[in-house]
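What Swiss-Prot annotates here:
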BINDING   9, 41, 73, 87  substrate binding site
BINDING   9, 10, 17, 88, 89, 90, 98, 122, 123, 124, 125, 126, 127, 128  ATP binding site
SITE      17  site 'Transition state stabilizer'
């Protein structure tokens, strides 16, 4: 079975993330979306909330599941019996960082990285940008699934809604 891991913090998941996950699901028998538990960072959403949102938005994919992990990504890959990581690239600046990580992962544990260029519609999109726009009352409906939009608006209570 060809199994891959698509890792991230997904705080929150965006349509750019979903584009990569969906495309990966057509290339692999199984895709595990790995949600990083990073206790040194405080996210807007808890890990459980992120997992719930992800499970909601990927439920139409029979071969995608969502799990959390902490520690080394390559250890998570081995625990999931996945030999490939999927990483979306928005720009050359993403590549510089991700190439270093890919080389470390292959050196540490023989885990390969498949870089997928993002759809041009999402080349500018990041979770941080979505949160900033939502915080100030901007329309994020084209950038995140509806369940995420609702959760963001409820959590942030932008000034335009007060």
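Each residue, glycine too, has its Cβ placed from N, Cα and C.
Just so it is clear, the model here is predicted, and its values are computed rather than measured.
Positions of Swiss-Prot features highlighted on the structure.
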residue	record	DSSP (3 states)
9	substrate binding site	coil
17	ATP binding site	helix
41	substrate binding site	coil
73	substrate binding site	helix
87	substrate binding site	strand
98	ATP binding site	helix
123	ATP binding site	coil
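In this view, the densest Cβ surroundings among the binding-site residues 73, 89, 125 belong to 125, judged by other Cβ atoms lying within 10 Å.
Candidate binding-site residues: 9, 41, 73. Nearest to residue 89 (ATP binding site) by Cα distance: 9. When every Cα pair among 9, 41, 73, 87 is compared, the largest distance found for this substrate site is 21 Å.
Residue 9 (substrate binding site) sits 9 Å from residue 127 (ATP binding site), counting Cα to Cα. The sparsest Cβ neighbourhood within 10 Å, among the listed binding-site residues (17, 41, 87), is found at 41. When the Cα of residue 41 (substrate binding site) is compared against those of the binding-site residues 17, 98, 123, 125, 127, the shortest separation belongs to 127. Each residue contributes its Cα atom, and for residue 123 (ATP binding site) and residue 87 (substrate binding site) those atoms are 13 Å apart.
Of all Cβ atoms in the shown protein chains, 14 besides its own fall within 10 Å of the Cβ of residue 123 (ATP binding site). The separation of residue 87 (substrate binding site) from residue 98 (ATP binding site), Cα to Cα, is 8 Å. Note on proximity: of the binding-site residues 17, 125, 127, the one nearest residue 87 (substrate binding site) is 17, by Cα distance. With all protein chains in the displayed structure included, the most crowded Cβ environment within 10 Å among the binding-site residues 9, 127 is that of 127.
Nearest Cα neighbour of residue 73 (substrate binding site) among the listed binding-site residues (17, 125, 127): 17.
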